[in-house]
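One structure is given below, encoded as structure tokens.
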């Protein structure tokens with residue numbers, strides 16, 4: 001049984017940067033609170049907790065004088081409230097998310113209605129919507145635009161950073177088809193994360209060459225679920241968070257296994273899965 005990892009695996013640039021910032025802050029101050037989970041990966045959060053990093057869900061739950069913003073970012077109203085309380089803010093927002101926030105603000109300042117291709121319940125998308133100044137919506141269904149009777153003639157379109165590129169392309173085409181009948185002006189910003197795009201391409205290429213594909217990452221991680229959906233189109237694929245979730249009956253008749261991971265999956269977790277597979281292979 002041969003095991004091969006995708007060429008793009010482990011922490012992405014944005015997560016690696018956020019963790020470095022948080023580890024440094026926690027080390028210097030003996031701990032720090034984050035507004036929302038830094039990343040959607042429980043193993044990483046457990047390790048950070050051991051360093052004195054505490055997750056708070058609401059601003060009112062902050063007990064210290066320093067708070068970290070997660071890699072998913074926040075909207076301007078949240079930033080203003082944090083500043084009004086005199087809190088020192090440690091911003092770990094991913095630069096690619098920041099770019100999407102800037103695009104939304106640019107649309108808003110130009111008088112454009114912002115349409116985000118993304119999950120309206122995801123913290124990243126909530127933050128981006130905030131920068132649209134309340135003049136926007138998020139949806140994964142382009143037909144949702146039909147529900148807005150007085151849709152602006154001026155429409156700006158962008159994407160949640162972790163979405164699948166082909167999905168965003170299809171979404172944009174559908175929005176254009178709907179908007180042109182309204183004599184609209186449309187602006188499109190490519191806000192997809194380059195790392196995620198490369199990771200998806202590498203995973204898809206590997207999935208086409210193996211009998212079984214394993215995606216390692218948090219079950220509530222958007223970019224990890226997208227990898228799962230993508231790999232499933234070409235190979236038998238399962239999502240696992242740790243080696244303990246791997247089921248041996250998946251391996252029956254399998255000679256080649258491919259491994260990829262979500263952008264917030266750490267090297268230790270990946271190594272544990274690979275080691276477990278090696279032990280199973282040696283005992284076969």
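Here, residue 1 is simply the first one shown, and the rest follow in order.
Cβ atoms here come from the backbone N, Cα and C positions, even for glycine.
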- Of 12, 274, residue recorded by Swiss-Prot at the [4Fe-4S] cluster site of 94, 193: 12
- Item | Further binder of (2E)-4-hydroxy-3-methylbut-2-enyl diphosphate named by Swiss-Prot next to 72, 122, 161, 221, 223, 264, taken from the candidates 16, 40 | 40
- Message: For the C-alpha pair, I'd like the distance in angstrom between residue 264 ((2E)-4-hydroxy-3-methylbut-2-enyl diphosphate binding site) and residue 12 ([4Fe-4S] cluster binding site), rounded off.
- Response: 7
- Message: As a test of the contact definition, list every same-chain residue at least 6 positions from residue 40 ((2E)-4-hydroxy-3-methylbut-2-enyl diphosphate binding site) whose Cβ is closer than 8 Å to its Cβ.
- Response: 218, 220, 221, 222, 224, 262, 264
- Across all protein chains shown, the binding-site residues 12, 94, 193 give the max Cβ-within-10 Å count at 12
- Can you tell which of 72, 122 has the least company, meaning the fewest other C-beta atoms within 10 angstroms of its C-beta, among these binding-site residues? 122
- Task: Sequence order is fine: just name those recorded positions in 12, 94, 124, 193 with a Cα within 10 angstroms of residue 72 ((2E)-4-hydroxy-3-methylbut-2-enyl diphosphate binding site).
- Result: 94, 124
- CB-centroid shell, 8 A cutoff, [4Fe-4S] cluster site 12, 94, 193, site residues removed: 13, 14, 15, 71, 95, 96, 97, 161, 162, 195, 196, 263
